[in-house]
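Participant: Take this structure first; my questions come after.
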Amino acid sequence: MKPSVILYKALPDDLLQRLQEHFTVHQVANLSPQTVEQNAAIFAEAEGLLGSNENVNAALLEKMPKLRATSTISVGYDNFDVDALTARKILLMHTPTVLTETVADTLMALVLSTARRVVEVAERVKAGEWTASIGPDWYGTDVHHKTLGIVGMGRIGMALAQRAHFGFNMPILYNARRHHKEAEERFNARYCDLDTLLQESDFVCLILPLTDETHHLFGAEQFAKMKSSAIFINAGRGPVVDENALIAALQKGEIHAAGLDVFEQEPLSVDSPLLSMANVVAVPHIGSATHETRYGMAACAVDNLIDALQGKVEKNCVNPHVAD
């Protein structure tokens, strides 16, 4: 008999078929307490779990005594209780490599669209305000040869640095847990402490996961240290930034603009002050949202679950020691 798994995110037909070749697949809409209660017998027998954008916590795991592996269609896993999973010897798989280039594209798009005010001036054109040759009130700022500060020099940070260095001749500063020799050799990137990065960068790009240590890492103190002409970009995790402090910094003119793909609460509230600011480009967590990349992530997650339930945890496993 095939192992039973629960799928809580729709998959393309070919990937669903691949999953069904290995498992008995039960599809549910979400992982809410009501859904779990209504499908208690299925959850009690499931050995695998696959999906995204749902919380997997100790309360859910209590309902899934046979669970051996869970696979998320994402690189981030802050909605998973890793300690609870590990304590129960449940493997957690994710998709860290598939989306690197696409998220770096999104970051570069935010850099360009904020600096050149693309969204703002496009809306002005649509509103019929372009009635003569444009003047300084339509101008943006240059990107080329400006200093880019990257906070978090992982795979995505490296891909962003490549674009900025070779495509836009931007000097690169970075702050990370350790020196990154490859970044320094390939892009002439300079490691510095966070305060120095904030003070010297024209663009500050935040690419950090959410952990206890990074929660609200950026607040009023950090924004006050940035140039008044600086542009802040976040495509990591929303709660790494104190959003109220960001709003205040923008309102007071402590920073020039912001390009945001992530927020403390998602979806972003329609009454958020960020949405009324012309110097803010706010997009709905589109970092990896292309047809090609989202398919690749789903395919990777399917393969990850197959591997995990076969005891193969050489790659893409958050807690591989569980398999020891």
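Every residue gets a Cβ built from N, Cα and C, even glycine.
Swiss-Prot lists R237, E266 with the feature active site. According to Swiss-Prot, the feature active site, proton donor maps to H285.
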Participant: Sorry to bug you, but what's the C-alpha spacing from H285 (active site, proton donor) to R237 (active site), rounded to the closest Å?
Facilitator: 9
Participant: Rounded to a whole angstrom, what is the C-alpha distance between E266 (active site) and the residue listed as 'active site, proton donor'?
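Facilitator: That comes out at 8 Å between the alpha carbons.
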Participant: Look at each of the active-site residues, R237, H285, and point out the one with the fewest other Cβ atoms around it within 10 Å.
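Facilitator: Output over active-site residues R237, H285: least Cβ neighbours within 10 Å is H285.
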Participant: Taking the Cβ of E266 (active site) as the centre, count every other Cβ atom within 10 Å, in any protein chain shown.
Facilitator: 11
